[in-house]
Amino acid sequence: MSIFVENQLLALVAIMGIGLLLGRIRFFGFRLGVAAVLFVGLAFSTIEPDITVPPLIYVVGLALFVYTIGLEAGRDFFRSLRSTGLRNNGLALGAIIATTAIAWVVIKALGLAPATGAGMLTGALTNTPAMAAVVDALPALIDDNPTDAARILELPVVAYSLTYPLGVLVVILTIAVCGGLFKVNHEKEAKNAGVAVQELTGRRVRVTRDDLPAISNIPELLDLEVIVSRVERRGQHDQFIPEEGDRTRLGDILTVVGSDDELERAVGLLGEFVDGHPYSDIDLDYRRIFVSDESMVGVPLAKLRNRIPGMLITRIRRGDTDLIAHPDMTLQLGDLVRVVAPAERIKEATHIFGDSYKRLADFNLVPLVVGLSLGVLVGMMEFPLPGGSALSLGNAGGPLLIALLLGAMGRTGKVVWQIPYSANLALRQLGITMFLAAIGTTAGAGFRSALSDPASLLIIGVGALLTLVISVLVLVIGHKVMRIPFGETAGILAGTQTHPAVLSYISEASRNELPAMGYTSVYPLAMVAKIIAAQVLLFLLI
């Protein structure tokens, strides 16, 4: 192992590579995914405590991960605040308060040192800023004896390092076990929540009602997840694309695009099904086009339509998901849009949207760097708390907060904050892998000493118990009592723990966006709540 001690880069690459390989192997029916990198790092540093990874790797990886998550989830996050955000945050906050109260009772009963108990809670809740806040608060609460002060300041750090690894593993195992016990069907959950990957098709419908709203308003006013892409009218030889304000007439044949379930509803509300191929007209054509022109990004489709008269965006493919185009939606770099237009204007449509895969790969990095810099600066800001300590969002909370704001904005003038979907996923995966490899090497020495120290084993055991408590509380109350989809509930738990490895695991298991929605909806409040909870616990114990 000496070669890894001497070469930190080799150690980092080896931990990442072995962890990613092990993460693809199934153990007892589930895979750890990228979370396996954490445990490989822990194993390396337990065997040889001198194996280290530069702290900057941990910071950069964490900042990259949360920033790319925030960019992708920004718009949905602020939309959720008006619907499910209060519910999700109430669940997370209640679980943190309950776990802190249980920790106080257990620590008092076992007679653990206050600094050790507070550090143990931060490890069980896997929150580094909370541990740092405890260390910051200690000098004002202990005697002036330098020897005692130095020893006491080490206690929360040691307790944190002992409880942190199981603080991750217990959560992942609890999610895996509860998912099996609850017989979770992730695909069905995603479909019910409207985030599933669904195949979109077209169907011809003859209008038999004379009281329908304007064609562009049909989806909203009739609560249909569809779009009308073409109209056939008696007396007109060709199909035409409906413009803003156009209305239907009796006997019109509409080409309606949507999922099978929504198309069944549309037929019932609009008229009757008409047999025949919906795209048979030779004068109208369609094409899938890559969005690589930045001028088309971050602008609502309702406004964008003025730039493409006579054309219609009917579908947007983002990642593996096909979405029906809605007036309030915005395009992102890398989206694959389906455009309906007169056959002679298809080439013009291709030019308007860019359709350059090479240009996508050569995206502008300046907004990414500026956004990350703003996030780090916000994370450095300190907010005073009672007792002389201060609260800061750190290198996770700051970038996440800024990313959520920029992701919701999409663009500022000519600056596009979003990055291509594929680049976002690549940076996200790289960031979480770097973070887990680095953080895993920090706790090995403490784990090694714990193997022969009964007191350390007690701290590990109690920390694991606290982690189990908060995991069960969130999963059972969230899914069984509050009827939140299990994938979203597990995401809420990952956000409550503020640990990306948990999110990565459940996202890989569910293969939909529900976990990310739950994670981003509670992460900022959970980060602040745990920092305050750890310090309050310390004050109550002393």
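Each residue, glycine too, has its Cβ placed from N, Cα and C.
As annotated by Swiss-Prot, domain 'RCK C-terminal 1' applies to 190-272. Restricting the average to the domain 'RCK C-terminal 1' (190-272) gives a pLDDT of 85.
Summarising the annotation, Swiss-Prot assigns domain 'RCK C-terminal 2' to 274-355 and lists sequence analysis as the type of evidence.
Taken from Swiss-Prot, the feature transmembrane segment covers 4-23 (among others), and the record attributes it to sequence analysis. Within the chain carrying the transmembrane segment (4-23), a Cβ under 8 angstroms from the stretch's Cβ atoms is held by residues 31-41, 44, 48, 50-54, 57, 433-434, 436-438, 440-441, all 6 or more beyond its ends.
What Swiss-Prot records for 28-47 (among others) is transmembrane segment, and it gives sequence analysis as the kind of evidence.
Annotated transmembrane segment per Swiss-Prot: 51-70 (among others), in sequence order, evidence recorded as sequence analysis.
Feature annotation from Swiss-Prot assigns transmembrane segment to 91-113 (among others); the stated evidence is sequence analysis. Taking Cβ pairs closer than 8 Å, the transmembrane segment (91-113) reaches residues 120-121, 124-125, 152, 155, 458-459, 462, 465-466, 469-470, 473-474, 477-478, 482, 484, 492, 495-496, 522, 525-526, 529-530, 533-534, 536-537, 540-541 in its own chain, all 6 or more past its ends.
Annotated transmembrane segment per Swiss-Prot: 160-182 (among others), in sequence order.
The transmembrane segment annotation in Swiss-Prot covers 363-385 (among others).
Residues or ranges marked as transmembrane segment in Swiss-Prot (evidence: sequence analysis): 390-412 (among others).
Marked as transmembrane segment by Swiss-Prot on the basis of sequence analysis: 425-447 (among others).
For 457-479 (among others), the entry in Swiss-Prot reads transmembrane segment, with the evidence type sequence analysis.
Annotated transmembrane segment per Swiss-Prot: 519-541 (among others), in sequence order, evidence recorded as sequence analysis. Residues of the same chain lying 6 or more positions beyond the ends of the transmembrane segment (519-541) and with a Cβ under 8 Å from any Cβ of it are 66, 69-70, 73, 76-77, 80-81, 84-85, 88-89, 91-93, 96-97, 100, 103-104, 107-108, 114-115, 117-118, 121-122, 125, 127, 129-131, 133-134, 137-138, 141, 385, 387, 389, 391, 393-394, 396-397, 400-401, 404, 491-492, 494-498, 503.
Residues of the same chain lying 6 or more positions beyond the ends of the transmembrane segment (457-479) and with a Cβ under 8 Å from any Cβ of it are 91-92, 94-96, 98-99, 102-103, 106-107, 110, 112, 116, 120-121, 123-125, 159, 162-163, 166-167, 170-171, 174-175, 178, 182, 450, 485-486, 489-490, 492-493, 496-497.
Contact between the transmembrane segment (390-412) and the transmembrane segment (51-70) holds: at least three of their C-beta pairs are under 8 Å, each pair 6 or more apart in sequence. Here the domain 'RCK C-terminal 2' (274-355) is broken down by DSSP into helix, strand and coil counts: 21 helix, 30 strand, 31 coil.
Each of 28-47, 51-70, 160-182 was scored by its Cβ pairs under 8 Å to the transmembrane segment (363-385), and the highest score goes to 51-70.
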